[in-house]
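The structure appears below as structure tokens.
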Amino acid sequence: MIQMNSVTGVVLAGGKSGRMGTDKAVLNIGGRSMLDRVMHELFRLFDQVLLVTGEADQRGYPGVRVIRDIYPGCGPLGGIHAGLKAAGTPYIFVTGCDMPFVRAELMACLLDHAPGYDLVIPRKGEYVEPLFAVYGKGCIGPAENMLREKKYNIRGFFPEVRVKYIDRKEMEQCAGSDRCFINVNTPEELAEARRMSEDGEV
Ligand SMILES: Nc1nc2c(ncn2[C@@H]2O[C@H](COP(=O)(O)OP(=O)(O)OP(=O)(O)O)[C@@H](O)[C@H]2O)c(=O)[nH]1
């Protein structure tokens, strides 16, 4: 078990929202923006939260330090790298701003496994979830090497670090639901997320 004050919550919000066609972070689900929903859960666990935006973004959030990508336009890997560099803690917990049903309880499940690892990440079969994962400072060098080489697949640096995969089934047992991993990228996914929220499924 690690101390929660050794972890900074990091929200990535520097994407283009191309599939949605409008800024995803401010879209409302159940009376709150997606960004609000994510922030609320992070602040349930962590004292320090960072918002990582792109080069020209004007986004802000009350009480939250905003930082920019050091390697802009490189996708989420650039955001993870900037968050790790800026954090004053040995670990960060990374989420996207487009995951409206994240739960602090599931974050805590992953953090339980962090000691001795550079990365703790949920896995279901072949699929991993790099935008709901714990990253340690040991990931900075390998991530930076990838960015310098213009390779932006987050999984590309995993062989270079100590990775602990956590089966999503185990996480569900720990904290109830895997709705937490729902990612809202398109108008159709937004409509479905709103329906789930209205029907009390989340
Ligand atoms: N800081 C930062 N965050 C990013 C960047 N690209 C994507 N993100 C964030 O990473 C998460 C997942 O992004 P994606 O859904 O893959 O990409 P997107 O640009 O938001 O959306 P699309 O344009 O539809 O692919 C979201 O929270 C994005 O805001 C980036 O270059 N920098």
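Each residue's number is its place along the chain shown, starting with 1.
Placement of Cβ uses the backbone N, Cα and C atoms for every residue, glycine included.
Around the Cβ of Asp69 (GTP binding site), a 10 Å sphere holds 24 further Cβ atoms from the protein chains shown. Annotation source TrEMBL lists GTP binding site at Leu12, Ala13, Gly14, Lys24, Asp69, Asp98.
The Mg(2+) binding site annotation in TrEMBL covers Asp98. In the three-state DSSP reading, Asp98 (GTP binding site) counts as coil. Other C-beta atoms found within 10 angstroms of the C-beta of Asp98 (GTP binding site) number 26, with every protein chain shown included.
Among the features that TrEMBL reports, domain 'MobA-like NTP transferase' is placed at 9-151. Break the domain 'MobA-like NTP transferase' (9-151) down by DSSP state and the numbers are 46 helix, 36 strand, 61 coil.
Here GTP is bound by Leu12, Ala13, Gly14, Lys24, Asp69, Asp98 per the record. The longest Cα to Cα distance in that group is 18 Å. Residue with the densest Cβ environment among the binding-site residues Leu12, Ala13: Leu12, by other Cβ atoms within 10 Å. Cβ contacts within 10 Å of Gly14 (GTP binding site), excluding its own Cβ and spanning all protein chains shown: 26.
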